[in-house]
Amino acid sequence: MKREMLLHELHPSLVHMPLALLPTAAVADLIVVTTGDRAWEKVGRRLWVAGAASAVIAGVTGLAASQEVRMDAPRARDMTVAHGVGNALITLGALGLMAWRLTRPPTVLTTVLGLAACASSLVTATIGGKMVYEQGIGINPMPGDAPQGSVKQPRVLSREAPVALLKDAGRGAAWLVGRARALL
């Protein structure tokens, strides 16, 4: 059975890039700080750029996906908010570390912050996995009366996909901010 990728399926296919690149960048910085081996400084800098850029892309696709899936159960919505807010904070941290590393070598503090952000990403990644495997968010096909699943959306390579991605990412950001404010 041939089936084209749907827009909400971009996020789970792209999220592995920052989950691999950011810890590798932090470890490269750790090597520089602990051994003084300056060859790793350039490696770490490039990995921070690639990791932060991939985190932004994964974040935008995640925001869009939040508008393309069904999550009627309060627990599913709360998990989505925790996942989104946590990843937004991690992405902002990665962008900050990237900006620092573009012009400066790693320090003990920036290395510890990078490692802490990576440890935090394990928590948000676990929540993301539970959203899918325990709550059924984004699973196709789901019965029409299921509280979670996915809604109709364009194929990734369709003409409608870029506009839908941007619109849904914007709606996802607004939804996330609104839910976070309501919970606080």
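The count begins at 1 with the first shown residue.
Placed from the backbone N, Cα and C atoms, the Cβ positions cover glycine too.
Annotated domain 'DUF2231' per TrEMBL: 8-140, in sequence order. Annotation comment: TrEMBL describes 15-35, 47-67, 79-100, 112-133 as transmembrane segment.
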Three-state composition of the domain 'DUF2231' (8-140), taking helix and strand from DSSP: 111 helix, 3 strand, 19 coil
Per-residue pLDDT averaged over the domain 'DUF2231' (8-140), given as an integer: 94
